[in-house]
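Chemist: The following block contains the structure, expressed as structure tokens.
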Amino acid sequence: MPAAGSNEPDGVLSYQRPDEEAVVDQGGTSTILNIHYEKEELEGHRTLYVGVRMPLGRQSHRHHRTHGQKHRRRGRGKGASQGEEGLEALAHDTPSQRVQFILGTEEDEEHVPHELFTELDEICMKEGEDAEWKETARWLKFEEDVEDGGERWSKPYVATLSLHSLFELRSCLINGTVLLDMHANSIEEISDLILDQQELSSDLNDSMRVKVREALLKKHHHQNEKKRNNLIPIVRSFAEVGKKQSDPHLMDKHGQTVSPQSVPTTNLEVKNGVNCEHSPVDLSKVDLHFMKKIPTGAEASNVLVGEVDILDRPIVAFVRLSPAVLLSGLTEVPIPTRFLFILLGPVGKGQQYHEIGRSMATIMTDEIFHDVAYKAKERDDLLAGIDEFLDQVTVLPPGEWDPSIRIEPPKNVPSQEKRKMPGVPNGNVCHIEQEPHGGHSGPELQRTGRLFGGLVLDIKRKAPWYWSDYRDALSLQCLASFLFLYCACMSPVITFGGLLGEATEGRISAIESLFGASMTGIAYSLFAGQALTILGSTGPVLVFEKILFKFCKDYALSYLSLRACIGLWTAFLCIVLVATDASSLVCYITRFTEEAFASLICIIFIYEAIEKLIHLAETYPIHMHSQLDHLSLYYCRCTLPENPNNHTLQYWKDHNIVTAEVHWANLTVSECQEMHGEFMGSACGHHGPYTPDVLFWSCILFFTTFILSSTLKTFKTSRYFPTRVRSMVSDFAVFLTIFTMVIIDFLIGVPSPKLQVPSVFKPTRDDRGWIINPIGPNPWWTVIAAIIPALLCTILIFMDQQITAVIINRKEHKLKKGCGYHLDLLMVAIMLGVCSIMGLPWFVAATVLSITHVNSLKLESECSAPGEQPKFLGIREQRVTGLMIFVLMGCSVFMTAILKFIPMPVLYGVFLYMGVSSLQGIQFFDRLKLFGMPAKHQPDFIYLRHVPLRKVHLFTLIQLTCLVLLWVIKASPAAIVFPMMVLALVFVRKVMDLCFSKRELSWLDDLMPESKKKKLDDAKKKAKEEEEAEKMLEIGGDKFPLESRKLLSSPGKNISCRCDPSEINISDEMPKTTVWKALSMNSGNAKEKSLFN
């Protein structure tokens, strides 16, 4: 961004073009930039010629000729006479159109754009020492400067440039030497070729040439060398040590590890895979930590500026090497150099040269100019790139901005694709149709029309990735995810088993729940389509089990046998759904339904975590109004009940207890509760004596676990410690929290409630085994009647499984190995049937656990430029974490001695963390925060730019109403119909098409699939529009090939349609400015001076 507030230098630079007469720009710069494309060139643009190899340039170094010399332009002019009218229009193309034409050329091997690292070096002279090139700034994406003290790099920041320095840079390229596709192997050869071109115009005599050559070949001193040259490093920061430890090992060509200490000088295999044996690299001078941030295959762009006392006018050269060459000692990091920009001038204008160098380096980091620099064939192409850059910059008012302020790099850099798109006749840019949100319309959800067709395609899609699902798990991140989720999964499984045991009088309890979860999870992780999904128990299943058990008890039926029949019918119906590709209906589940369902599950997790903590007050009561002076008078003793109930009397009778012989006052709390005694005294609560400290200590454990987990998870973005340490702490955040809290709880010694794990592997009740007879003592007709509740169960399983699968498989997660909706449902169905036969609980996809699993396996770019936010790359897709979670869960019976130390409040804190963290990224909660927020304070959400705020609020209110209804049903005795209500959300969303336009819904939600008839109508309408557009093009007489039309929107032809006075051509308007006229006049004076000398 040019900062208009910068002060203009005392004088403007004068340049002389060395390879021909000085070009004096008197306001007609557009004529210099006229690109006379011949008809044959336009017709051949974007055309692939097979089997024809064209030379990229001359092989001789001595006869290397700059692009844009007189005879070339004459040739162009001769060709132009054949198509005068078309080329006259082309002469007035905007820089944007010219750049689009340049970028449309076919790429060859030598002109494929690479990532660029740009370094700015300036000549530095110290008293009593020889001059040397000193690194003063560098760019990988953002600018970093060597601070004034010379001891450290600045923080990366967005470069702000003065408009004057950009004009001077443009003048440099017009009047300086431009050498494209130079073949050279060393800085000496490059210097000679540049000076040869300068001598052609008699600008340099022999003595000046020698001095300039000496200046170009001076030693380069880089900032990282200063630390390494210190002979006595007394203090080394922990961060620097961490950098060394976290650097990747460098490998020599034999695969052996190379360290800077062991091999001071060796041939380094550069990151683009080229090994330059003639350019040895001293590893001791390489900043290995910074090298890690350089992308693989990157090339260097070196900007050399400085003052030389013998010169009376600047020497400017822009060089593109072909191929790129590793120039030893020139660049801070050992990567091949592709571009060089050299500016040497008289003494007294060092700051001016510095700003021009910054402008050159900054413009090389621009995505569009970067590509133009690689594909340019002549000087005019580079000028078009600069003009296009100037056409896009933003100017800051001088009175409202301080140029010394450093702008922080943005979190998200906007895409530059629109700058590459061709224009349309009205002068606007053709916008790419964006996909605001990811839908579910991929090939995985298309009906095949064949029996089990979708399942077969799922297997074919997932089979090639199967072994990679195990290889990709070789990462510490997977270990952290596994340890965290094992602890997170254990507690709900055991809690669910305990609740089920209470509801079924011990027929299915904790040990059955552990065994069922382990067996189902292992099978699912091994063979499911989407192994990132974590299976768990759900609330509606528990409600169903309670209702079924009560029904069986009322009608004297065998609960486990009837349950087995229902489970087998449910499994069969699910397999029927797989066979008929019913999972394709998932495409009707849009973001509206997903977010309502996911939000409800997250809120339930948060609510139940807090509810369980509050419930501890009943087990561990406290005396809220204690009088400290009466502490010695408080007591609580066990006594004989005054009015024992029938249950108590029967217990005493069964155990032969004679109440008169029992010393009730001497019994412990557990003994008193076991013998059905009563507690009496001023320190007694409803269920026993007041318990000191336990409830408050549990609260401390609960909230500390949540806060510490959240803090450690965000530690990755903190400013402390090296990157690898921060990443490891972030990955292991929850496990470290649990471990820390267990140690603290053990050391404090307060008897907090602990995780209770069954210690013996056998059924809870002795009157049942591991295999259940589906008929058993029940009448035969119960087998057929079981299909009725099985239908409801099937809807429950299908909705829970597929909504969770849809959330996991969203396009935002960038999954690369495909989905497997049909295969997932098949595995759930098979294991549901197995669990029914064995009398084990049913397990289906658990939404919050699955979201947490995915979030713990997020991948971010490791090689990010300084100041650039790491990019989200996707999810580490593998099967091992899920497999290990459930394998270890099955072994938990043998780990009771360890697991008994885990306090339950810590696990409740983990539930709270999982619920809160899963809410992040749910758009519904972002929209909910907009209520009551003034418009000026609202975040810049993309949908707020395209949808009126009242429509956003209406959409949110409808979603909130549905969420409240779901909550009410979930908490009521009618919770068994909860899946039906989730299904009803799909119909609610369909009705919303009447209240919102298609465009509004595309930003707020996913578009629902339309009917077949509507699709056919839209296809016919689109075909008709294309046909009319073709007719209009034919009437317009557009003779360009189709590909050229798409790329250029017909260069030159657009101009004939351009009648909007607001449209300008920056190349035409720039020469009219006073600044440019001053530069041109100075250039003219320089020419006259050179002629008369």
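A Cβ is built for glycine as well, from the same backbone N, Cα and C atoms used for every other residue.
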Chemist: Hey, in Swiss-Prot do Arg719 and Ala935 share a topological domain, i.e. the same side of the membrane?
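Modeler: In Swiss-Prot, Arg719 is across the membrane from Ala935.
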Chemist: With reference to Swiss-Prot, specify which of the listed residues Cys636, Cys638, Cys699 is paired with Cys672 by a disulfide.
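Modeler: Between Cys672 and the options Cys636, Cys638, Cys699, Swiss-Prot records the bond with Cys638.
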Chemist: Pick from Cys602, Cys684: the cysteine that Swiss-Prot pairs with Cys636 in a disulfide bond.
Modeler: Cys684
Chemist: May I ask for the distance between Cys636 (disulfide bond) and Cys672 (disulfide bond), taken between their Cα atoms and rounded to an integer number of Å?
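Modeler: Taking the Cα atoms only, Cys636 (disulfide bond) lies 12 Å from Cys672 (disulfide bond).
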Chemist: Within the topological domain 'Extracellular' (926-962), how many residues are helix, strand or coil going by DSSP?
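Modeler: Per-class counts: 25 helix, 0 strand, 12 coil.
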Chemist: Please work out whether the transmembrane segment (566-586) lies in contact with the transmembrane segment (905-925), by counting C-beta pairs under 8 angstroms that are 6 or more apart in sequence and asking whether there are at least 3.
Modeler: no
Chemist: Are there residues at least 6 beyond the ends of the topological domain 'Cytoplasmic' (800-824) whose Cβ is under 8 Å from a Cβ of it, and what are they?
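Modeler: Non-local partners: 438-440, 442, 444-445, 452, 454-455, 457-459, 461-462, 465, 468-469, 524, 527-530, 532-533, 538, 540, 578, 581, 583, 586, 589, 593-594, 597-598, 844-847, 850-851, 854, 872-875, 877, 979, 982.
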Chemist: Check the transmembrane segment (732-752) against the transmembrane segment (825-845) for contact, please; criterion is three or more CB pairs under 8 Å, pairs 6 or more apart in sequence.
Modeler: no
Chemist: What is the pLDDT of the topological domain 'Extracellular' (545-565) when averaged and given as a whole number?
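Modeler: Within the topological domain 'Extracellular' (545-565), the model's average pLDDT equals 80.
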Chemist: Between Cys638 (disulfide bond) and Cys684 (disulfide bond), find the distance joining the two CA atoms and give it rounded to the nearest Å.
Modeler: 10
Chemist: Which range out of 479-499, 524-544, 779-799, 882-902, 905-925 gives the transmembrane segment (596-616) the most CB pairs under 8 Å?
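Modeler: Looking only at 479-499, 524-544, 779-799, 882-902, 905-925, the most contacts with the transmembrane segment (596-616) come from 905-925.
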Chemist: Between the transmembrane segment (779-799) and the transmembrane segment (479-499), do 3 or more CB pairs sit under 8 angstroms, pairs being 6 or more residues apart?
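Modeler: Result for the transmembrane segment (479-499) with the transmembrane segment (779-799) is no.
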Chemist: Taking 524-544, 779-799, 882-902, 905-925 as candidates, which has the most Cβ pairs under 8 Å with the transmembrane segment (825-845)?
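Modeler: Counting Cβ pairs under 8 Å, the winner is 524-544.
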Chemist: Report, as numbers and ranges, which residues of the same chain sit near the topological domain 'Cytoplasmic' (500-523): CB under 8 Å and 6 or more residues beyond its ends.
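Modeler: Apart from its flanks, the topological domain 'Cytoplasmic' (500-523) reaches 489, 493-494, 534-537, 542, 545-546, 549, 559-560, 756-758, 760-765, 768, 827, 830-831, 834-835, 838-843, 882-883, 885-887, 889-890, 892-893.
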Chemist: Rounded to the nearest Å, what's the C-alpha distance separating Cys672 (disulfide bond) and Asn646 (N-linked glycosylation site)? Just drop the number here, would you?
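Modeler: Distance between the two Cα atoms comes out at 18 Å.
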